[in-house]
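Pulled from TrEMBL:
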type	residues	note
ACT_SITE	Asp35	active site, proton acceptor
ACT_SITE	His63	active site, proton donor
ACT_SITE	Lys166	active site
BINDING	34-40, 62-64, Arg329, 355-357, 437-440	GTP binding site
BINDING	Asp35, Gly62	Mg(2+) binding site
BINDING	Asp35, Glu36, Gly37, Lys38, Asn60, Ala61, Gly62, His63, Thr155, Arg169, Asn248, Thr263, Arg327	IMP binding site
BINDING	Asp35, Val323, Thr324, Thr325, Gly326, Arg327, Lys328, Arg329	substrate binding site
COMPBIAS	1-10	compositional bias 'Polar residues'
REGION	1-22	region 'Disordered'
Amino acid sequence: MSHKSCYTNPGTGGKRPRNDKGNKVTVVLGAQWGDEGKGKVVDLLATESDIICRCQGGNNAGHTVVVDGKEYDFHLLPSGIINSKAVSVIGNGVVIHLPGLLEEAEKNEKKGLKDWEKRLIISDRAHIVFDFHQAVDGLQEVQRQAQDGINIGTTKKGIGPTYSSKASRTGLRICDLLDDFKDFSTRFKNLAQQYQAMFPTLVVDVDGQLNKLKEYAERIRPMVRDGVYFMYDAINGPPKKILVEGANAALLDIDFGTYPFVTSSNCTVGGVCTGLGIPPLNIGDVYGVVKAYTTRVGIGAFPTEQLNEVGELLQTRGHEVGVTTGRKRRCGWLDLVILRYANMINGFTAFALTKLDILDVMDEIKVGVSYKLKGKKIPYFPANMDVLQKVEVEYEKLPGWKSDTSACRKWEDLPGKAQNYIRFVENHVGVPIKWVGVGKARESMIQMF
């Protein structure tokens, strides 16, 4: 058999066709600065999914899901863990704080979550967040504040330092913890010492930590698999609905976000492939979750921010307080420049527009449609923070609908002016809106098509 023949299709003499077989993966991503209500959209899709995955981030994410009047809070567990018929996967791109994971599971067990251990799979290639990573996270923030008078506003969950260990090849993974514990202990001690050399005030109880880790290892051992092979099998096996739940959001992405006020992972669509080990070819629908206005936690540029009664109204009506940090969120008008930028990167199939009901009381609603720099419109989203601080936002004004939408369950129920607002967003961004959220419960998601 000649070398050539394996690459050509003997029937046509053409290139071998790409293998388009296999199950497609549906992805849900945040399209702004996080807190868009991804948990709700994931929850909606998770009810009919067979596998639900997390691919990046750690317990810096916070998803709240309400089922039968019970509020569940998830940080590391995929929020699809509520679905007792599905398998939940924590991918290799996720960084795992083991005590955090077990504590979260226990808290949700008290609320009625059952048998989660039987349906959770953890990738053996995921990196481990140690308690000293969390301590270092706090120390680094103090250091930034002292040096620059400004910090990033991290969640202090050790996420950044763990990804730093990963990139500097000193990190430890789940597979290391489950293998030779003596070897693991040596590497753990070395890593702790490296951090202690950098932060002289850091205290690490090495033996205490190792004893706990040995215990955690046995608790998670039955859940750990080779994640790459598991996903390959799931994609290429019998038909399955596979869902990936993104954490954080486009403008918090380490590459594309408002750097340095970002998270330390890729929370755009590329993170799905690298964080689970799946080919781009198997990515199916990519849904972007968008709040009907904009919010941001912590510091960093925010062009449409409203430091006035509008911002305050959105903050109080929308209960804009972080699930993970308890911090008040900064609020402003919807910014379509951000949505177009997020769409350039992610190529959204459709949007879910959430919290439309928060705008019910507004007389007039503004929408940021473009940015000007030195009087000139710019077609891109500026990379540099100082430049972004200087942009002038051009707004379009839309009339408010001044009526309660929270009981609306279908498109026809929505007031005409609310329908206009939705169509305006679709037309300006070029992405259809598939769901509109008008409240907290599962049933308050209006499906449009």
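Using the three backbone atoms N, Cα and C, a Cβ is placed for every residue, glycine included.
Since this is a predicted model, take the numbers as computed values, not measurements.
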**Fill in**
One of the recorded positions His63, Lys166, Asn248, Gly326 has its Cα closest to the Cα of Gly34 (GTP binding site), namely Asn248
**Asked** Of all the recorded positions given, namely Asp35, Gly326, Lys328, Val438, which is spatially nearest to Thr155 (IMP binding site) at the Cα level?
**Response** Gly326
**Complete:** For the binding-site residues Asn60, Thr64, the largest set of other C-beta atoms within 10 Å encircles the C-beta of Asn60
**Request:** Just give me the nearest neighbour of Val438 (GTP binding site) among the recorded positions Gly62, His63, Lys166, Gly326, Arg329, Cα to Cα.
**Result:** His63
**Request:** Using C-alpha atoms only, work out the spacing between Thr64 (GTP binding site) and Asn248 (IMP binding site) and round it to an integer in Å.
**Result:** 13
**Asked** Across all chains shown, how many C-beta atoms besides its own are within 10 angstroms of the C-beta of Gly34 (GTP binding site)?
**Response** 30
**Prompt:** When the number of other CB atoms within 10 A of each residue's CB is tallied over all shown chains, which of the binding-site residues Arg327, Lys328, Arg329 has the maximum?
**Reply:** Arg329
**Asked** Which of these recorded positions is closest to Leu356 (GTP binding site) if you go by CA atoms: Asp35, Gly62, Lys166?
**Response** Asp35
**Prompt:** Given Arg327 (IMP binding site) and the residue listed as 'active site', what distance in Å do their CA atoms have, once rounded to a whole number?
**Reply:** 28
**Message:** Given the recorded positions Lys166, Gly326, Lys328, Arg329, tell me which ones have a C-alpha lying within 10 Å of the C-alpha of His63 (active site, proton donor).
**Reply:** none
**Message:** If I take the alpha carbons of Lys40 (GTP binding site) and Asn60 (IMP binding site), what is the distance between them in whole Å?
**Reply:** 18
